[in-house]
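The feature transmembrane segment is assigned by TrEMBL to 12-31, 43-65, 71-97, 234-252.
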Amino acid sequence: MAFRLSNNLVGILNLITFLLSIPILGAGIWLRREGVTECEQFLDTPVIIIGVFLMLVSLAGLIGACCRVTWLLWLYLVVMFLLIVLGVVFTIFAFVVTNKGAGQVISGKGYKEYRLGDYSNWLQKRVTDNKNWNKIKSCLADSKVCTDFHDKYLNASLPEFYQAHLSAVQSGCCKPSDDCQFNYAGPTNWTRGSGVSNNTDCNLWDSDPKTLCFNCEACKAGFIDNLKSSWKKVAVVNIVFLIFLIVVYSVGCCAFRNSRRDNDYHQGWKP
């Protein structure tokens, strides 16, 4: 009875995982064939790898549990154990690297501003790498984050704009820093004033929609802040996923033990 219960449960769980891997794999193949932007093309390979991995692991668990293939169950459990270890390491790492840094409150403004040096060195190095940042800029352009920002606040007066609650990316990439003391002509249209600032981002700002502040450190900091928030959410979800993996791993261990016991029984019994 224990053999049937544990093996059937492992089989059901892996059947569900196998079915889920099909649309994931299909999405990756679709991105590879139909993706036109660099951002979409950047995602296709990881999605395909995840889909194939889930499909192979779930097949190993499904066949091993339902057909009593002990070595497949053993392989399945080894992979599950490694996934649990990697999940724990990633969760701890995600909380460590996202623990540092936050937006700076600006007096009289509804938005915050962001400084690259406030965030973890590991995230800074990954984001500021020229190759990585060029891909990130392409994704930001494809998402039309500054175009939507411009359209939303096009008719806003300066006092209304200053009270706007902007996202980290909008604040860092779509407008110049406040200490540049530029003159407001529109949400993405600012002219240089007579003020002098030591902020190097002021020289990088351009009202051209293709440039704006995409090369500014504030933009990179805003992206890191957004990334930090996303990673924290992923880490929380990952904890729930780890609990699920541990439950499946425990049931799989029971199925493996019962399967081996059943094989030993049949091998030892001779008619």
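Using N, Cα and C of the backbone, Cβ positions are placed for all residues, glycine too.
Non-local neighbours of the transmembrane segment (12-31) in the same chain are 40-41, 43-52, 54-55, 57-59, 61-62, 65, 248, 251; each lies 6+ residues outside the stretch with a CB under 8 Å from one of its CB atoms. Residues 6-8, 10-11, 13-15, 17-18, 20-22, 24-29, 31-32, 35, 71-76, 79-80, 252, 255, 259 of the same chain, all 6+ positions outside the transmembrane segment (43-65), place their C-beta atoms under 8 angstroms from a C-beta of that stretch.
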